[in-house]
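Read the structure below first, then the notes.
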């Protein structure tokens, strides 16, 4: 996975310039991250997720609040106005757990105490980032280019509550029903087809209510994992995902890198990247420590929350389109997001190795 990230950097605009991120590659990458998170849900232990709900909430809360405060101070130090500083801080509040999931899978630690907490915290983190963004938009109004945002804040929150209620009360039944339909179909891989429909359907609805599509895909995977078709679906989905779509997702992250016009922004990028990484590491790690984790485990949980991705890029795009930042500032922020994402797997692998050595 790390190799795929580096391939994207090397062949992309940042270095050789052989390949750029086209619309087709973006579509493949989006499918890849959805499949990756669906597989993560499929292979997760629901009982462990419930067991570590409290630590997950603590990790998410401090893992959002500390980065928001830290990045806001960076913005003010570089003489950005209050609204721009707040907006940038929200960008770096959001975690993309897709990278961490792949590292945890490679290390057979997806259902470990640390892995389960990271997965649970990532879902809560995503919701918190959306709420903070909604509050920021509603309070700044026309400054962010949406005067109707204030009236939409309550509606968005209610929609998300309904979505999670539907997951809890309806999706478990729906997943089982769809699997049964798939098994009755006189076609190969009928159950897998139904699982894919559920996965992309839930991902689509998640986006409609303002969440990341990976949240929907993750819960779709959990729902299917509670059915008799779990092993069959996993057996069919994983080879397809890892043969094409998931590698394209990791390569696409590297393809986003570009150093054009960033000469004057290098100091800002360096400081922003360091603060983004350390604040998430320390904030989420502190949450894990408060929940009773050991020092090594707390560091691992913090490292698992460092990666930024699709949600951060989406929020950055909103700010750019609303003219909250210049093109060069936007490029600097995107570069910092990608740098943090590239550092994340190295940090997580190193800290998880420490957890294992401590356990021995």
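Using the three backbone atoms N, Cα and C, a Cβ is placed for every residue, glycine included.
Curation plays no part in TrEMBL annotations; they are all automatic predictions.
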> Among 161-181, 287-307, where does TrEMBL put the label transmembrane segment?
Replying inline: 161-181
> Relative to the transmembrane segment (266-284), which of 5-21, 27-46, 193-220, 240-259, 330-348 accounts for the most Cβ pairs at distances under 8 Å?
Replying inline: 330-348
> Are the transmembrane segment (27-46) and the transmembrane segment (86-104) close enough that 3 or more Cβ pairs fall under 8 Å, when only pairs 6 or more apart in sequence count?
Replying inline: yes
> Quick one: do the transmembrane segment (27-46) and the transmembrane segment (193-220) reach 3+ CB pairs under 8 Å, ignoring pairs fewer than 6 apart in sequence?
Replying inline: yes
> Given the transmembrane segment (5-21), which of the listed stretches 58-80, 193-220, 240-259, 330-348 has the most Cβ pairs that are under 8 Å apart from it?
Replying inline: 240-259
